[in-house]
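According to Swiss-Prot, the phosphoenolpyruvate binding site annotation covers K22, N23, on the basis of sequence analysis. The UDP-N-acetyl-alpha-D-glucosamine binding site annotation in Swiss-Prot covers R95, K164, V165, S166, V167, D308, I330 and is backed by sequence analysis. Annotation source Swiss-Prot lists active site, proton donor at C119, citing sequence analysis. If you look up Swiss-Prot, you'll see C119 marked as 2-(S-cysteinyl)pyruvic acid O-phosphothioketal.
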Amino acid sequence: MQKLIIHGGKPLKGSINISGAKNAVLPIMAASILTDKLHITNVPKLTDVSTMKDLLRSHGADIKILEHPDEFELIINTGNINNFTANYEIVRKMRASIWVLGPLLTKYGKAKVSLPGGCAIGARQVDLHIAVLKAMGATIEIEDGYINASSKGRIKGTHFVFDKVSVGATINAILAAVLAEGETVLFNCGREPEIVDLCNCLIKMGADIAGVGTSEITIKGKDSLNKASYKVLSDRIEAGTYMFAAAITKGDVKICGIDYHIIENIALKLIETGLKVVQINNGVQVTYEGKLNSVDLETNPYPGFATDLQAQFMSLMTLSSGVSMITENIFENRFMHVPELCRMGADIVVRGNKAVVRGVEMLKGAEVMASDLRASVSLILAGLSTNSKTVLHRIYHLDRGFQDLEKKLSNCGADIKRV
């Protein structure tokens, strides 16, 4: 099994280009089921993208892949969908597989999707996905680990209030509603940039969607959608991760190819810690200026601080000048990186959904193991900060969400290699 060997202590200096957003491209790929042809650019080279390609092909899609140095270009033809079951063997690899449920149901009146897998960071139930589709008139049963959904004729528009903000359920509801009969109004929706990107793609395909980027989205169903071409937005989680990498290594890095407004909350949090963060053309520049203040953090739905960056921020706070409180409001079990950080000398105490982080002068290299995607990269950041050697095991998680991570870090002076 592959591992990463990191020799830390080298400030990162240079520039990093940000790849397409994983959490945007996956629902956009699922949206291809709603039309006959979708051309997608700025597609990141990730195993989760490969899994979604495998899933769409299992449904009968024909996918042409054009490979460029820093991205994929996908041409997805879905005019011959002939299988309406998303099998366990594919779905177990990635939770995003559930996003074929809405498109298959709304276009073909039936879908059978295995209950999903993915990172082991909490229950992340599918109750809200099922509830909103039932409100649209679907008949849904859970049998033998599968969601069986069907409808007599087209599903119907509805008014639905999510009892809590759910990015995944918001996406499935939108994907279903664009071909539903009548008007759907969704309340308490996720407002994440990736949801906005999906809506913009659907609008380009001919969907009628209002309220994009707000908590109330109105969708007037269409009889069909058009072919389209769409460029996926850049990955704010990747951008934030490299911003923290610059900070934890006391470096100076330009993060390029990202819209500032979707990473502004990250930039403001770093400024609180004492970092210099300057908006530049097509990105930001993060510079360490000799201090690292301890700052409290709470994760919340967008525009709050992303749960997908909590672990990385915690790594940074292990080296801060005081005590910080990190509160995880989105997922349970998302402190699984804490024992590994403590193996490296961090002083962290977890109490329920809160972690108290007392800054130490320096972390020490160690052999550590990744439990999930974001935890794995937090341990890399910790390793980069040390003056010794860190070995990270179970790095297959990384390839699900970070394209060319070692190359991007090495180009800025990091000593990191995969063996």
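From the backbone N, Cα and C atoms, a Cβ is placed for every residue, glycine too.
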Assigned conformation of D308 (UDP-N-acetyl-alpha-D-glucosamine binding site) - DSSP reduced to three states:
helix
Among the binding-site residues K22, R95, K164, which residue has its Cβ surrounded by the fewest other Cβ atoms within 10 Å?
K164
When you tally the Cβ atoms that lie within 10 Å of each candidate's Cβ, which of the binding-site residues (V165, V167, I330) has the highest tally?
I330
Between I330 (UDP-N-acetyl-alpha-D-glucosamine binding site) and K22 (phosphoenolpyruvate binding site), what C-alpha distance do you get in Å?
19
Spatial separation of K22 (phosphoenolpyruvate binding site) from V167 (UDP-N-acetyl-alpha-D-glucosamine binding site) - C-alpha basis, Å:
14
Quick one: pull the CA-CA distance for N23 (phosphoenolpyruvate binding site) versus R95 (UDP-N-acetyl-alpha-D-glucosamine binding site), whole Å only.
11
Are there any residues in the same chain, six or more apart in sequence, whose C-beta is under 8 angstroms from the C-beta of S166 (UDP-N-acetyl-alpha-D-glucosamine binding site), and if so which?
L128, H129, G190
Which whole-number value in Å describes the distance between the Cα atoms of K164 (UDP-N-acetyl-alpha-D-glucosamine binding site) and K22 (phosphoenolpyruvate binding site)?
23
How many Å separate the Cα atoms of R95 (UDP-N-acetyl-alpha-D-glucosamine binding site) and K22 (phosphoenolpyruvate binding site)?
12
